[in-house]
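Residues or ranges marked as transmembrane segment in Swiss-Prot: 5-25, 35-55, 87-107, 116-136, 170-190, 203-223, 249-269, 278-298, 315-335, 336-356, 373-393, 409-429 (among others).
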Amino acid sequence: MLELPIISITIFLPLISVLYILLFFNQNKKADKLSIYVAMLSSVLTFISTIYILIEFDVSNNTYQFVERYTWLDKIGLEFHVGVDGIAIFFVVLTSFLTLICIIGSLFTIKKYIKEYLVCFLLMESLCIGAFTSINLLLFYLFFEAILVPMYIIIGVWGGDNRIYAALKFFLYTFFGSVFFLLALIYIYSKIHSFDLTNILELIGNIPLFAQKILWWAIFIAFAIKTPMIPFHTWLPDAHVQAPTTGSVILAGILLKLGGYGFLRVLLPLFPNASQEFAIYVIYLSVIAIIYASLVALAQKDIKQMIAYSSIAHMGYVTIGIFSFTEIGISGAIFQMLSHGIISSSLFLIVGTLYERLHTKEIAKYGGVANKMPILATFFMIAMLSSIGLPSTSGFIGEFLSLLGIYKVNVVTAFIAALGIILGAVYMLKLYKEVMLGEITNTEIKHFRDLYKYEIISIAPLILLIIYFGLMPNSILNVFHLSVENLLIKF
């Protein structure tokens, strides 16, 4: 294995590209074109580096690999301490993959401030990879919260008519959670004098149990907002509806996963006793989210809003899997996060192609699109069927394992949560029928042409992954199997 600081390279490559674009390219069309070349090269190289990490990853080792540790601010315990384990590695790959997809997808759809748009995406890629690889809790916090800035700008500048409201709502919700998280970190450091996760795991017992419960709730709120869980969910539909297409892809595909990842990386291992005590409340909230969000999705008239509420429901399966404290449930939750990242990204890209042609997201304005766009209709069908959990697609594996995990803990809860699959089938099949099938009622649809090459290049890899994950789930599950076992040692 090459002795390269591969994690640092992966984190800082997009950041260096951001600095290069900002420092050397002026605001003109030529600069936009050069920025595209730099962003494409950067995202390709970053993706290659994450694939290298995945190939060289030793699945028989349940500890962190490719570890790097450098002192940053020793007086406050801040170190650049990064590495990957079986849980983190796929989120790192997913981040680089979706960023590349988004940059390709935005080449022909973003018309203003192209250079700045690409800068925001590269910056977000760097910050997300940093968050997924951090082993220092303060470093994780800095990456976790800094992601707010580029996403806020993407929604606020390139979003729809109500973009300012949606961006501000997103900012305030996330900032609200970050305050609790920061206060919890300060208290932990005052007692343990370290932000290193491995040190905190060893010394967390020095903190009184009552204080641990308060810390648990403080950190839980931050991750629940990001997931998002009910009642912290209302920012998501507005953000999705107003965000540009590729902004929605990053939001659903990566940012929502930071909440679930935070539960696995921080909340459960640091506070196992409090997690077990409060798990039942999280499970109840998750089941409510699944049923409530599914019913609300059924009533939506906006395509993106429907998919946004479906995301809340799907992330409900993630949280019930995590807080089942079973190996199969947590494995299902991780798989569900990866699967949802791919499915939701493909759905938002598909909606984006429709919006580029008709400039509306209103379901009633469509109908009969499959007559003019058979390739898109096929992609949409596969993504839709996976979203409702059809066997042999990726959506089935994650939901089934999560439900199986909670079934071992609470049978009634499992059956109620399973109703969400039925409701999901109802609203997704209804959406497909009203948009794709039937006669063409809108004369503008008669002039539609099927997917352009760049659209196929953006969507097709996601569709292939949906099928691959569904047919070969063990190739994914086996990678994080030992890490999940290691996580459950304290339970």
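Cβ atoms are placed via backbone N, Cα and C, with glycine included.
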Chain residues outside the transmembrane segment (116-136) and at least six past its termini with a C-beta under 8 angstroms from it: 7, 10-15, 17-18, 21-22, 35-36, 38-39, 42-43, 46, 50, 64, 67, 69, 77-84, 88, 91-92, 95-96, 99, 102-103, 106, 110, 143-144, 146-147, 149-151, 153-154, 157-158, 195-198, 246, 250, 254-255, 258, 261
Chain residues in Cβ proximity to the transmembrane segment (203-223) (below 8 Å; excluding those fewer than six residues from its ends, i.e. six or more beyond): 144, 176-178, 180-181, 183-184, 187-188, 191-192, 194, 232, 258-260, 262-263, 266-267, 270-271, 273-275, 277-278, 282
Chain residues outside the transmembrane segment (249-269) and at least six past its termini with a C-beta under 8 angstroms from it: 87-88, 91, 94-95, 98-99, 101-102, 105, 121, 124, 128, 131-132, 137, 140, 144, 147, 151, 154, 197, 201, 216, 219-220, 222-229, 236, 239-240, 243, 275, 307-308, 311, 315, 318-319, 322-323, 330, 333-334, 337, 340-342, 344-345, 348-349, 487, 490-491
Contacting positions for the transmembrane segment (170-190) when only residues 6+ beyond its ends and CB under 8 Å are counted: 76-77, 137-138, 141, 144-145, 148, 151-152, 155, 200, 204, 207, 211, 215, 217-219, 221-226, 228, 232, 234-235, 238-239
Same-chain residues at least 6 beyond the ends of the transmembrane segment (278-298) whose Cβ lies under 8 Å from its Cβ atoms: 213, 216-217, 220, 229-230, 233, 306, 309-310, 312-313, 315-317, 319-320, 323-325, 406, 409-410, 413, 416-417, 419-420, 423-424, 426-427, 430
